[in-house]
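Visitor: Let me begin by handing over the structure; questions about it come next.
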Ligand SMILES: C[S@@+](CC[C@H](N)C(=O)[O-])C[C@H]1O[C@@H](n2cnc3c(N)ncnc32)[C@H](O)[C@@H]1O
């Protein structure tokens, strides 16, 4: 029963999110995780996610079965409690003992799950659903006739067209955490016990025993997302870290050495921070002073504005064995870190908040937001009809999207410009998981044209130094519009790196490196 009870809370959260006018952010997975944390749920979040996702994608069919079978009329009633006490005063204050959502979860499992079983022992709610099995089944058959479909799975794509499982990464990428590993060979042979079959391209990963050694990032591997990597001992001991390939580009491009001092300005949850640590402290370079924890002279300073996300950062650092190697600062980087206090800093990773348009698991959330906008659009349309001013919802969407991008890109410009003002910084990698040029090439162009940035001597590090073999580079047309010389525009576009979601094996991404002598 626990799984169904917990999934009910999470599903309610999802529906509530669709009712507010506020924009919902994050992926379905993050909404599920947040709900699990908020309600301190005991069930495995992965199981909850799978159930909620599937129920959501069958919602049209489940609504039909639930309503048409009229089973809600048979749900037993109980007196409503007032302040936790049974309300015995009036006959009318009665409530149904089972919630509609919980019943739909059970109906889903009985008819639409692989096992066709309700996952619980003896329980009155299970008996209730089974008692109505014939009636529910008739409605299932009717629905299929109505929609001219033969298989239950075909009902998934009716109306909402969303299946978050088709919205996941094609490859599970993970890297060796050199902070915790001294013997790389040994670690790889451990992995090979599970992943026995080495393939030569990530697109050839088809089986749970296949493994791909990445050709662009050292010590990065790809396996099938369903291969249960998280139950591997190396993962449990923080020796391997799951991180999308493109998200590994920034630390690799920065390539900090043993004596570098780095600021990660926007660091939670800490993937890039621990990757930086892998470069600085891997290779058995472990500063003795940090191990003793006495007045450590840090080489990595991580800033994070959001206190909650700061807790996740601290946890990730602990798991990766980096807690004594990284100084965490909670607060706004542009306020907390002054250039005169960090004169020793040689390099930066700036990976600020972005639209996230390159990441997966957002289809349901995007659909929720679209539904909200459509609803607002419909309400607004009535008024507009009266005024005879018909503005299309599409252009409204577009305006909202543009306004959001304008805000994000001006924040991104400001935070990078601020980091570029640190007196001894020589390299800075700017990255986003966005596919929009507004947050990528255009931010870079504005920085290159900025008087102060120019005066400080910043240029783009050329392609030959920035993962040269990676084929997908920046959008040339963006640079051509501003830099009339063909060669210059081409060189600038080539300095940038882009990754397309899914097509390039993971999330959509952008990275570029500023440098000066
Ligand atoms: C894209 S995420 C960073 C992901 C991280 N680099 C990683 O690889 O795990 C952006 C983070 O920047 C934080 N942030 C936004 N503005 C900030 C600021 N002014 N100072 C510090 N952190 C900021 C956000 O709260 C968010 O956690």
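A Cβ is built for glycine as well, from the same backbone N, Cα and C atoms used for every other residue.
Copying in the features that TrEMBL gives for the protein in this structure:
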ACT_SITE  433  active site, nucleophile
BINDING   266, 267, 268, 269, 270, 271, 272, 304, 332, 351  S-adenosyl-L-methionine binding site
COMPBIAS  377-392  compositional bias 'Acidic residues'
DOMAIN    162-517  domain 'SAM-dependent MTase RsmB/NOP-type'
REGION    371-396  region 'Disordered'
Visitor: Which residues of the same chain, at least 6 positions away in sequence, have a Cβ lying under 8 Å from the Cβ of residue 332 (S-adenosyl-L-methionine binding site)?
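Guide: Expected: 303, 305.
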Visitor: If you skip the near sequence neighbours and keep only those at least six away, which residues in the chain come within under 8 angstroms of residue 266 (S-adenosyl-L-methionine binding site), Cβ to Cβ?
Guide: 303, 304, 305, 333, 350, 351, 352, 353, 415
Visitor: What's the CA-CA gap between residue 270 (S-adenosyl-L-methionine binding site) and residue 433 (active site, nucleophile) in angstrom, rounded?
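Guide: About 15 Å separates the two Cα atoms.
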Visitor: Work out how many Å separate residue 433 (active site, nucleophile) and residue 272 (S-adenosyl-L-methionine binding site) at their Cα atoms, rounded off.
Guide: 13
Visitor: Long-range neighbours only, meaning 6 or more apart in sequence with Cβ under 8 Å: which ones does residue 272 (S-adenosyl-L-methionine binding site) have?
Guide: 247, 250, 251, 264, 349, 351
Visitor: By a simple count, how many Cβ atoms lie within 10 Å of the Cβ of residue 268 (S-adenosyl-L-methionine binding site), its own Cβ left out?
Guide: 24
